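Asker: Copied straight from Swiss-Prot:
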BINDING   THR65, PRO66, ALA67, GLY68, GLU69, GLY70, LYS71, THR72  ATP binding site
Amino acid sequence: MASDLDIARASRLRPIGEIAAAAGIPAEALIPYGRYKGKVDGGFIRSLEDRPDGALVLVVGISPTPAGEGKTTTSIGLGDALRAAGAKAMIALREPSLGPCFGQKGGATGGGRAQVAPMEEINLHFTGDFHAITSANNLLAAMLDNHVYWGNELGIDPRRIAFRRAIDMNDRALRQTVLGLGDGANGAAREQKFDITVASEVMAIFCLARDLDDLQRRLARIVVAERRDGSPVTPADLKAVGAMAALLRDALQPNLVQTLEGTPALVHGGPFANIAHGCNSVIATRTALKLADIVVTEAGFGADLGGEKFLDIKCRQAGLAPSCAVVVATIRALKMHAGVAKADLGAENPGAVARGAANLRRHVAAMRAFGLPVIVAINGFVTDTGAEREALRAALDEDGGARICFCTHWADGSAGATDLAQAVIETIAAKSARFAPLYPDDMKLPHKLRTIAQRIYGADDIELSPLAAKRLARFEAQGYDHLPVCVAKTQYSFTADPARRGAPTGFTVPIRDARLSAGAGFVVALAGDVMTMPGLPRIPAAEAIGLDPDGAIHGLF
């Protein structure tokens, strides 16, 4: 069987200028980065402001399993199928992080016949956006320590420096480090923790900013430390905002690429959904909505993580309102949620499908809690049987049902998602969405967390550690109680325990810590043992990546 990379390389891509023209982007507004990728000029984007928005389709998954769900693949297949059906459609996705590419998950450009391309360029350096974000983040960290070194005019308390350095790599050795060792010329020694770039506040700001002015306002609001009197220190105090914005200026223009079938795709920004808010940039999404009648976008992991954050954070801040949600699952993954071992997934097991469907039903219910009509997309495998598909239909009918479409876009491209595209078109036309965020702005922070835990995760309650309770109370006293909350939690379960698959009941969600992201405009609550700097697995994917004698990359997936 051909690999995703082989399929991508065998496809004939169109010059990026042709893709731009098909999307309604004039040649003078395209900034080419080679033959097959480019950026969209910010001035052109501003000129679109008065155009009406198209319909927004949000794609989410179930709780992920090692069997894979294919959410990005489905987003791409749906976009291609909508285009094939005659709709003026675009796709808006996140950029991949190097950490997962070299770690366990692999890249994030889809799979099979449903990919965005050029695959290896997008998965690796792409247009340099993540380098710019990492550089801006670490410039701020350097200027902060430099200020303390040169006399500390602002009276920063070194014990209350909160801002972290970042790197776009899975590197557990950087979770807890000590800076400034050696003589005094290296600065004062202090503890420092690193985040992966996609979990940093600068990444979140990049993805939530509406334009360069908004970007600078948000950067200026980051709380990097506290003075000895407890007052906050910001990049504005350190005179760092201008230089950070200069590093981010070009990166803030969204990236244009194409699917293997030539559908225009804006791929821009990439916060993780388990340890950050998990959505592509507001600028890319809004640009696509001005250019297309239907925009397909995704949120990371399940409805409980990226889905909830897309709707409670991104939509709240950007004024977006999806027309419907698509929840992606596989029959194989549902079997795993019922306890079937990965080695046994190929054997027919309708009973396991019915039991595992409880996880899917909870994700469907989560999207309905926001007033969205839901379509279920089953990403098909050759091992799926008719009996298993019927068992799934029956299981979904238990809760009033959801429209279900069985898809084969991995193997067949747009032709394999025709039914899904038609379901989306009909759902948009019905105008049945009644979108509303899950909680009001004026709800207290612990109550916002409790609302998410009970209505989305199915928990009985939350349990705040003394540290988390203290920090949430402090944030409220400082005037941040109006902000939405961003829960950092394992993606593998509705609980904080990654081993509890399916749809658990009778549990509480432990909140061990909280962080303020004043620039991004939310409060991060850390549930369980989730970490904001991942590590590599025992056998990282990087071991299989290399170059052939002609210099072509192999081993990416």
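Using N, Cα and C of the backbone, Cβ positions are placed for all residues, glycine too.
What you are looking at is a predicted structure, and each value in this text was computed from that prediction instead of being measured.
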Asker: DSSP on GLU69 (ATP binding site), three-state: which is it?
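Answerer: Assignment for GLU69 (ATP binding site) reads coil.
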Asker: Since the record lists PRO66, GLY68, GLY70 as binding-site residues, which of them has the fewest other Cβ atoms within 10 Å of its Cβ?
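Answerer: PRO66, out of the binding-site residues PRO66, GLY68, GLY70, has the fewest neighbouring Cβ atoms within 10 Å.
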Asker: Within the chain of THR72 (ATP binding site), which residues six or more apart in sequence place their C-beta under 8 angstroms from its C-beta?
Answerer: LEU93, ALA108, THR109, GLY110, GLY111, GLU298
Asker: Quick one: give me the count of other CB atoms within 10 A of the CB of LYS71 (ATP binding site).
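Answerer: So the number of other Cβ atoms within 10 Å of LYS71 (ATP binding site) is 27.
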